[in-house]
Amino acid sequence: MEIKDQGAQMEPLLPTRNDEEAVVDRGGTRSILKTHFEKEDLEGHRTLFIGVHVPLGGRKSHRRHRHRGHKHRKRDRERDSGLEDGRESPSFDTPSQRVQFILGTEDDDEEHIPHDLFTELDEICWREGEDAEWRETARWLKFEEDVEDGGERWSKPYVATLSLHSLFELRSCILNGTVLLDMHANTLEEIADMVLDQQVSSGQLNEDVRHRVHEALMKQHHHQNQKKLTNRIPIVRSFADIGKKQSEPNSMDKNAGQVVSPQSAPACVENKNDVSRENSTVDFSKGLGGQQKGHTSPCGMKQRHEKGPPHQQEREVDLHFMKKIPPGAEASNILVGELEFLDRTVVAFVRLSPAVLLQGLAEVPIPTRFLFILLGPLGKGQQYHEIGRSIATLMTDEVFHDVAYKAKDRNDLVSGIDEFLDQVTVLPPGEWDPSIRIEPPKNVPSQEKRKIPAVPNGTAAHGEAEPHGGHSGPELQRTGRIFGGLILDIKRKAPYFWSDFRDAFSLQCLASFLFLYCACMSPVITFGGLLGEATEGRISAIESLFGASMTGIAYSLFGGQPLTILGSTGPVLVFEKILFKFCKEYGLSYLSLRASIGLWTATLCIILVATDASSLVCYITRFTEEAFASLICIIFIYEALEKLFELSEAYPINMHNDLELLTQYSCNCVEPHNPSNGTLKEWRESNISASDIIWENLTVSECKSLHGEYVGRACGHDHPYVPDVLFWSVILFFSTVTLSATLKQFKTSRYFPTKVRSIVSDFAVFLTILCMVLIDYAIGIPSPKLQVPSVFKPTRDDRGWFVTPLGPNPWWTVIAAIIPALLCTILIFMDQQITAVIINRKEHKLKKGCGYHLDLLMVAVMLGVCSIMGLPWFVAATVLSITHVNSLKLESECSAPGEQPKFLGIREQRVTGLMIFILMGSSVFMTSILKFIPMPVLYGVFLYMGASSLKGIQFFDRIKLFWMPAKHQPDFIYLRHVPLRKVHLFTIIQMSCLGLLWIIKVSRAAIVFPMMVLALVFVRKLMDLLFTKRELSWLDDLMPESKKKKLEDAEKEEEQSMLAMEDEGTVQLPLEGHYRDDPSVINISDEMSKTALWRNLLITADNSKDKESSFPSKSSPS
């Protein structure tokens, strides 16, 4: 029988819908196992056609047609025509061209818009003395999962490996079997009737066995998650199962342990001719042992026998698996099996329109869109199983999945299979064991190239133009108006202001806030302490806390990028030391001159905002970003270790002790033998007489304050030896680093449910600090603790909270202050904007935009306020900001088993930064709690933050390549396009710049550090002489050029022309002139027909047809 004749006979069997409203999920009545689902249980799984994706890579959105009246007329014309679907595709040279044409078409309704698919493979099974049933043996959401041989558990998800023979057989099934597209049916019984009627009318099925096949299709379906009512709660449950129940969403908690009742299952509108499945009288043969080796029959799996009439049985929904199914997903059911009364295969591929919820058919209660039925004679169970796996795997393929939705006839489906065969990779049988399960990859390659037509040689593919500057968005365009960039920043950020507070209602934000509060407190207090030593207490810890709190609150509320965390920086401390030394030498008021410099710096920064100077950020490329960020991370690690080593001075260890003399160990305070002149002067001023002091009774701190000396075997040079404290501090330090890293990676571990792992990972650092504090308190060793000021007042009594810019200084100092203010302006600008550039990287997928001008304005204003109040200056802190961003990463909650969660972006909000600095300002009143936090724990947090911030920096990946043989090097994209020697040269230059920055940072010349960071931009420009433009495009961002605007305008015009063609419904394919004349293009369909394997399959199909022609039939094919 010809395929065209077969298609002509299908047309009368395709009823058309008369309603023109939105498609409603009507459910079905064929199932005896009715299921009642609570509304909140299935929320998100019953709503269809709300958010859909369009498979064509070049199109961004789907055009919705408002003129629905045309559908009736179009369908009437299609029904009157003799075509199978009323739509014909032109002929093409290759299957890829046909598939690209299919995916490029648009339909007038939403029935052909692809949805996510859940595919289930059921095989018919029977046991002696029991009724037959369909048993679930495998399922696909993204990767394949099989029911293990014992029948009690699912296998781990794995990449399906298919035999080429089964793919050829599947192609033959689609080519010769029954294909019914856009069938309108409401129950499984109606579907079976239409399929079998078509089979009988086309001569593929004998009328005598039609009824028995129908009864086989109506048999009960048993799914892996079904359990008996009496055994729903086993006596012994694993902790993982208990945790799983606790980790379900609140909307599902109350129903998670309940079995749904059958009273309110969705009823079908047409409930007619209901034939009960349990009364079926199909006599299956006992000879199903003809299964081939290598495939375990579903009947061989351990079964849970469910006794009693079906109306007493109730289904349990696997809510944990339901969470992994995307909203709007549809089902694809594969039914395969052996029947003793058949002597040839029965094959049908059905696409329902609309999708219908068929009760009991699928494991999860979602509408069914596709059915594939393959029933055949005994002895070929393994063959049918592999064909079922093949079609199921094809349905999970991104391209064939879209073809199945948009196919107009069987030829489209065959083209989809051929295109799939054109892309598959074949493994040699002698070098690979097919029984080995391949682990799912971490990153699945994109399939967009398969959907978009190829282009002739010499032309650039659309969307693959060479990249330009990495920071060339609209927020960095010069406006040419005073404060033009600032106005645009405000307009860009204002619509998101309230959402910045709403989006913070998440446990992740709470975890981020608690972690970063502890991380920000210590450097602020430490910086204040160092500043107090450098300025003789004029600016100390309490001023640092107050300034950080006030500046941070204002910035978090009104800044352009609230993800940035403000903090103190090393160059600012160096500047403060130099300024104080200068004022002391020349008898000037330090706070007054500092206020003048701060006001000039704020004014200059505001001028930079007014002139859109932040647009210069586009010259800061990855080369400069990574050198700066790497330096800050290394400094964090270095200072954490340095602070740990400094503890050995305060808590020395006796390295030469004698265990035999421990009983004689003592350390006493005695009067100094030769007191210095300074000591004698201090005693006279305090009216202290050395002879009146009982030196032996003094404590360590009292002895130190009176300049006494320590005598005894247990004494060091300046202090008594302190047992255990240093070693205990080292233990706390490294335990904090290790536990923080371990708990942060807990999200990817194998233990506990997903929700538990996610919470532990989010609160990793806070839980670590809490654990270390409790352990330290329980052990009782007097480790150094965090010291927080307990009184809110200036450190010195001779200063207040406000400072006049002039004060006792000469009037000309106010004008002269502009000179150091210029240097401070460069320092503030570079620190702020480089950190902002790192936070606003495209890979962070920020959706609310950035505000470089608004950020700089807020920093400038608060710098002026802090100057008048005599408080430290604060600017963007690189490592704290990167840590803040990393703690707020969003990943997809709905991911298929075996699929890695997708990075969705950052939870952009203002609340975490706001709460950090509010609590920081309140720390004065929390001294009784904060005094229990050991300083080594905070040093360990610093080391963890510095090390974790290094992840993702390409510079360190390239450093590793120096000691790595080429065959072991990772598959970095730049290694594919840039010679290795050029990669090494680029890295060496970057390392040299980093080394120079480090030398300047730790030396007395640290004041010029911002100038050296600025010099990196010029170094990067000179690298254009050593590298080609193409090489730099892979290793670094290209520098902005004068031609960039013209190139962007040309790209915009090209995009507009492409959109215009799409609106006209035109899809241009290079069908002539390229493919036909290119001898390298192979048509896999033609080549397949020449293979001996395909010819053998055709001979088998022809013999079956000849045999079928001898069957008596009530209706012959036309």
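From the backbone N, Cα and C atoms, a Cβ is placed for every residue, glycine too.
As recorded in Swiss-Prot:
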TOPO_DOM  1-509  topological domain 'Cytoplasmic'
REGION    1-23  region 'Disordered'
REGION    58-96  region 'Disordered'
COMPBIAS  59-76  compositional bias 'Basic residues'
COMPBIAS  77-90  compositional bias 'Basic and acidic residues'
MOD_RES   THR94  phosphothreonine
REGION    245-312  region 'Disordered'
REGION    457-476  region 'Disordered'
TRANSMEM  510-530  transmembrane segment
TRANSMEM  539-559  transmembrane segment
TRANSMEM  563-583  transmembrane segment
TRANSMEM  597-617  transmembrane segment
TOPO_DOM  618-626  topological domain 'Cytoplasmic'
TRANSMEM  627-647  transmembrane segment
CARBOHYD  ASN674  N-linked glycosylation site
CARBOHYD  ASN677  N-linked glycosylation site
CARBOHYD  ASN687  N-linked glycosylation site
CARBOHYD  ASN697  N-linked glycosylation site
TRANSMEM  721-741  transmembrane segment
TOPO_DOM  742-762  topological domain 'Cytoplasmic'
TRANSMEM  763-783  transmembrane segment
TRANSMEM  810-830  transmembrane segment
TOPO_DOM  831-855  topological domain 'Cytoplasmic'
TRANSMEM  856-876  transmembrane segment
TRANSMEM  913-933  transmembrane segment
TRANSMEM  936-956  transmembrane segment
TRANSMEM  999-1019  transmembrane segment
TOPO_DOM  1020-1118  topological domain 'Cytoplasmic'
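By the Cβ criterion (distance under 8 Å, sequence gap of 6 or more), the transmembrane segment (721-741) is not counted as touching the transmembrane segment (597-617), fewer than 3 such pairs being found. Taking every recorded stretch in 510-530, 539-559, 763-783, 856-876, 999-1019 and counting its Cβ pairs under 8 Å to the transmembrane segment (810-830), the highest total belongs to 999-1019. ASN687 (N-linked glycosylation site) sits 15 Å from ASN677 (N-linked glycosylation site), taking the CA atoms of both as reference points. Taking each Cβ in turn and tallying the other Cβ atoms within 10 Å, the top scorer among the recorded positions THR94, ASN677, ASN697 is THR94. Most Cβ pairs under 8 Å with the transmembrane segment (597-617) belong to 856-876, among the candidate stretches 539-559, 627-647, 856-876, 913-933, 999-1019. Using the rule of three or more Cβ pairs under 8 Å, pairs at least 6 apart in sequence, the transmembrane segment (999-1019) is not in contact with the transmembrane segment (763-783). DSSP places the residues of the topological domain 'Cytoplasmic' (831-855) in helix, strand and coil in these numbers: 16 helix, 0 strand, 9 coil. Rounded to a whole number, the C-alpha distance linking ASN697 (N-linked glycosylation site) with ASN674 (N-linked glycosylation site) is 21 angstrom. Counting Cβ pairs under 8 Å to the transmembrane segment (913-933), the stretch among 539-559, 563-583, 763-783 with the most such contacts is 539-559.
Distance between Cα atoms for ASN674 (N-linked glycosylation site) and THR94 (phosphothreonine): 101 Å, as a whole number. The predicted model assigns the topological domain 'Cytoplasmic' (1020-1118) a mean pLDDT of 59. Sequence-distant contacts of the topological domain 'Cytoplasmic' (831-855), counting only residues of its own chain at least 6 positions beyond either end whose CB sits under 8 Å from a CB of the stretch, comprise 470-471, 473, 475-476, 483, 485-486, 488-490, 492-493, 496, 499-500, 555, 558-561, 563-564, 569, 571, 609, 612, 614, 617, 620, 624-625, 628-629, 875-878, 881-882, 885, 903-906, 908, 1010, 1013. Sequence-distant contacts of the transmembrane segment (539-559) (same chain, at least 6 residues past either end, Cβ-Cβ under 8 Å): 520, 524-525, 527-529, 531-532, 565-568, 576, 591, 787-789, 791-795, 851, 854-855, 858-859, 861-862, 865-866, 869-874, 910, 913-914, 916-918, 920-921, 923-924.
In this structure the alpha carbons, written CA, of ASN677 (N-linked glycosylation site) and THR94 (phosphothreonine) are 100 Å apart.
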